[in-house]
Amino acid sequence: MRTLWIVAVCLIGVEGNLFQFARMINGKLGAFSVWNYISYGCYCGWGGQGTPKDATDRCCFVHDCCYGGVKGCNPKLAIYSYSFQRGNIVCGRNNGCLRTICECDRVAANCFHQNKNTYNKEYKFLSSSKCRQRSEQC
C-alpha cells in the first residue's frame, strides 16, 4: 500500500502544473527546450535569490513572484486547462487560482521566447555564490 501511495504522489507531480509549464516552454521554444531553464541564472530552477543575471533570468524571477502571489492552491501541483492556438498559449476556462497559475506560466513561457537571444550558456548551472546580492522585491 505504501508503494502505491508513493507512485500516486509521483504521478501527481508529473501530471501537475510543472509538467504543464514544461509543455508550454517546449511548445514555444521547441522540444526539450525546458532543460535549458531548469538550472539557469539565479532564479530559474528551485528557489532563487540575488539579482537576475539577464532578461531570461528575469523571466524566472517574475514567474517566482507570480507564483508567490497565488492563494488557494499549490501552483506546482494544480492542474489547469490551456491550449495552443496558432502558436499562442491560451488559458482555458479556469477559475480563481488555476487561472492565475496558468497566466503565470503562459507569461513566463512567452517571456522565454521573447528573450531567447539573451540566453547565455555561462549562466547554466550558475554557482549560488554568484547570486549572493540582496534579492529584489517582487
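Cβ from N, Cα, C; glycine included.
Annotated features, as they stand in Swiss-Prot:
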ACT_SITE  H63  active site
ACT_SITE  D105  active site
BINDING   Y43, G45, G47, D64  Ca(2+) binding site
DISULFID  C42-C131  disulfide bond
DISULFID  C44-C60  disulfide bond
DISULFID  C59-C111  disulfide bond
DISULFID  C65-C138  disulfide bond
DISULFID  C66-C104  disulfide bond
DISULFID  C73-C97  disulfide bond
DISULFID  C91-C102  disulfide bond
SIGNAL    1-16  signal peptide
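Swiss-Prot feature annotations superimposed on the structure.
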| residue | record | Cβ contacts under 8 Å, 6 or more apart |
| --- | --- | --- |
| C42 | disulfide bond | G48, Q49, G50, T51, P52, K53, D57, F61, L126, K130, C131 |
| Y43 | Ca(2+) binding site | P52, D57, R58, C60, F61, H63, D64 |
| C44 | disulfide bond | Y37, I38, T56, D57, C59, C60 |
| G47 | Ca(2+) binding site | none |
| C91 | disulfide bond | Y80, S81, Y82, R99, C102, E103, R106 |
| C97 | disulfide bond | V70, K71, G72, C73, P75, A78 |
| C104 | disulfide bond | H63, C66, Y67, V70, P75 |
| C111 | disulfide bond | A55, R58, C59, V62, H63 |
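Under 8 Å, Cβ to Cβ, and six or more positions away along its own chain, C65 (disulfide bond) finds C138. Highlighted in sequence order, C42, C44, W46, G48, Q49, C60, F61 have their Cβ within 8 Å of the centre of the Cβ atoms of Y43, G45, G47, D64, the residues recorded for Ca(2+), and are not part of that set. Straight-line distance linking the Cα atoms of D105 (active site) and G45 (Ca(2+) binding site), rounded to a whole number, equals 14 Å. Between the listed disulfide-bonded residues, namely C59, C60, C73, C102, C138, the fewest other CB atoms within 10 angstroms of a CB are found at C138. The Cβ of G45 (Ca(2+) binding site) lies under 8 Å from the Cβ of Y37, I38, S39, C60, each on the same chain and at least six residues away in sequence.
In this view, the densest Cβ surroundings among the recorded positions D64, D105 belong to D105, judged by other Cβ atoms lying within 10 Å.
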